[in-house]
Every structure is written in structure tokens, then in C-alpha cells.
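Chemist: Quick paste of what Swiss-Prot says about this protein:
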type	residues	note
BINDING	C38, H63, E64	Zn(2+) 1 binding site
ACT_SITE	T40	active site, charge relay system
ACT_SITE	H43	active site, charge relay system
BINDING	C93, C96, C99, C107	Zn(2+) 2 binding site
BINDING	I175, D195, R200, L262, G263, I264, I286, Y287	NAD(+) binding site
Amino acid sequence: MKALVKSKSQPGLWLEEIPEPAIGINDVLIRVLRTGICGTDVHIYKWDEWARETIHVPMAIGHEFVGRIEAVGSNVADFFPGDIVSGEGHVVCGRCRNCFAGRRHLCAKTMGVGVNRPGAFAEYIALPMTNIWRHHEGIDLDVAAIFDPFGNAVHTALSFPVLGEDVLITGAGPIGIMAAAVARHAAARYTVITDLNPYRLELAAKLGVTRAVNVREQKLGDVQKELGMTEGFDVGLEMSGNPAGFRDMLANMSHGAKIAMLGIPAGEMAIDWRTVIFNMLTIKGIYGREMYETWYKMSVMLQSGLDISPVITHRYHYTDFEKGFEVMSSGNSGKVILSWD
């Protein structure tokens, strides 16, 4: 089968012919139809320090996908050939304390699809049946392909109650934009998103945020005054990993506010902990998706009218993957989809 493979310890990916994956008695074989390019994939493509330390070559990469089931193992009773499915990108051990307690997203022995085991940038992928999510009938395949990052957005945005609250989102990348849309759909009063990239701020505006703020041009304090806010934001969603963005968030939260933090800083990050203590802020780290509560929430939100399709801005055939990675690296894109059919 054709696959995009990290076959050399240098920048780039290579389209190669590799064996079709075999399945065990508890596995599902999926014919991949669409994939999304993730920031993780860009790191692997560029072969940065994290990728060099993490990826063992050769490795077929990619973890955002939708496909059609082709075959199932003999123990698989709940999935059938023809089902349209995606897969949870974290394969857990099933035996640790967190897994036994139903907190599988906290498994310390997680294996990442397309990172620690063969990925979805291929014509076929095999996964354990416990990692398979069947989509509702009629779902747009491009949207289904980005359930992984959409799940990051939902997990972050719904970590704290947002009904009637004022929500600040720092970082207007695709996940930040989707998180803002989720908070709005969940009845937040105001959703304000910040960034420095005009393209992405414009994209955020298309998905209905209350304000898309270029912090080079406008201060959050002034935005609060325009909206009639007097005590700061109630909920913060830190999606950027940018120290300045996080410090700006801390300075604009109400006393007792809650912050969900998905953005990963490049290194150690200094903040004024006195603000956290005296303002009694709660900061919660977010990683991945809750298995599978987040997936239920994603499906229900789409079925109840949430439209995230505008966040998908570019589409290519997998043979044109270089164009997809180029536009992703430019910063002037939302989600980028590769077609495999």
C-alpha cells in the first residue's frame, strides 16, 4: 500500500510502498479516506529536536483520519465492514491504575498513533477495536477526519462550565478557533480570541467569535470595556503555548477564574505566581481527549448544529502532500485535509 513515511533521519517525508498491516483478533482494518495534517506531523516533517528524540525511523506517520472498515478480527462484534469510523490516537495499556479506573486518557503508557506506532497517512491502518469511533450517518468526511484536534478543542473548552460565562482564548490556531466555537455553542456569553496572525483572526471571526483581537493593535482591557465587562474573564483557554499570551491571560482573568491549558510552551515559562495565588485562579492541564466522553460530546455538538467546517481551508490529494505541509508551515491556513480515495 502507499504511505507517507519518515524513512530518513532528516527533514521531509517520502511516499513509499509498504506492506498492508495485519490485524489480530481484537483489531480493525480501516481503508483510509481522509487525513488531517497536524502540527505534530509538521514537527516530524521538519525533523526538529522533539521529532529527533521521539520518532524511530522508518515510521508511517499521521493520526487524524476517517475511513471505512474493511475487515475485523474474530473477537470484534460491534464493528462491521462498511462502517465509517475514526480512531482515538492514543493507544493505552488497559492495565494501569488510571485505565482500570476508567481514566484512560491519563494512561502513563500511552502509545501515539503515527508517533510510537504506524500511523494513518496510508491507504490502510489497523487499530484495536477499543480505539474505534463509529460516526453518525451522513457526517461530512472532511469534518470526521479532524475529530482528533476537534476533540482537543472540546476537551479544553468544556473542562469548566461556560454557560453564561465570558471566555478568553489565547491562540487562534485551528484548535483554538474550534475551542472558541465550542464555547459559543455551549452558551458562553462572550468569546474573545487573541493572536498576532491576521489570517487566523479573520478565520476565527468567520466561526462567530465575539471579538478576534490582534494584541499588537488592541489591549484586552480595552476590549473588556467595549463589551461592558468589569471584572475580567471567567474562563481562559490557553491554546498558544506562548509565554506572553499566557501572562496576558493571567492579567485579564477575574478573581476565582479557571484556566484550561492545552498549548505547550517550548521550554520553561516564567509567570507571576502571586497573581495565581492572590486571585485564586485554577489552572488545569489538558492533553488529548477523554475516552470516550469527549467523543460523545463532539458528535452531539455537531448533530445539534455546531458547524466547524469553515476551519478547514485547504484540501489536497495525498500525492500532493508537499503542498499541504507547505501551507501548514506558512501559518496562513486552518486545517489541511489530504484525500486518500
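Yeah, the Cβs are placed from backbone N, Cα and C, and that goes for glycine too.
I'm curious about the neighbourhood of these features; can you describe it?
Modeler: C38 (Zn(2+) 1 binding site) is surrounded by 24 other CB atoms, counting those within 10 A of its CB over all protein chains shown. In three-state terms derived from DSSP, C38 (Zn(2+) 1 binding site) belongs to neither a helical nor a strand segment and is classed as coil.
Proximity of T40 (active site, charge relay system) to non-local residues of its own chain (separation of 6 or more, Cβ distance below 8 Å) is seen for H63, G114, V115, given in sequence order.
Classification of H43 (active site, charge relay system) by DSSP places it within a helix. The number of other CB atoms found within 10 A of the CB of H43 (active site, charge relay system), across every protein chain shown, is 17.
Counting Cβ atoms from all protein chains shown, C99 (Zn(2+) 2 binding site) has 19 others lying within 10 Å of its own Cβ.
In this structure, R200 (NAD(+) binding site) is part of a helix by DSSP. Around the Cβ of R200 (NAD(+) binding site), the same chain contributes A172, G173, I177, G331, N332, G334, each under 8 angstroms and 6 or more positions distant in sequence.
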Chemist: Could you state, as a whole number of Å, the largest distance between Cα atoms of any two of I175, D195, R200, L262, G263, I264, I286, Y287, the listed NAD(+) binders?
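Modeler: Pairwise Cα check on I175, D195, R200, L262, G263, I264, I286, Y287 gives a maximum of 23 Å.
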Chemist: Give the distance between the Cα atoms of I286 (NAD(+) binding site) and E64 (Zn(2+) 1 binding site), rounded to the nearest whole Å.
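Modeler: Their Cα atoms are separated by 18 Å.
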Chemist: Count, for each of the binding-site residues E64, D195, the other C-beta atoms lying within 10 angstroms of its own C-beta, and report the residue with the smallest count.
Modeler: D195
Chemist: For the C-alpha pair, I'd like the distance in angstrom between H43 (active site, charge relay system) and C99 (Zn(2+) 2 binding site), rounded off.
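Modeler: Computed Cα spacing between H43 (active site, charge relay system) and C99 (Zn(2+) 2 binding site) is 29 Å.
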Chemist: Quick one: Cα separation, C93 (Zn(2+) 2 binding site) versus E64 (Zn(2+) 1 binding site), in Å?
Modeler: 21
Chemist: Give me the non-local Cβ neighbours of I175 (NAD(+) binding site): same chain, 6+ apart in sequence, Cβ-Cβ under 8 Å, ordered along the sequence.
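Modeler: Non-local contacts for I175 (NAD(+) binding site): P149, N152, A153, T156, M239, L262.
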Chemist: Give me the count of other Cβ atoms within 10 A of the Cβ belonging to G263 (NAD(+) binding site).
Modeler: 20
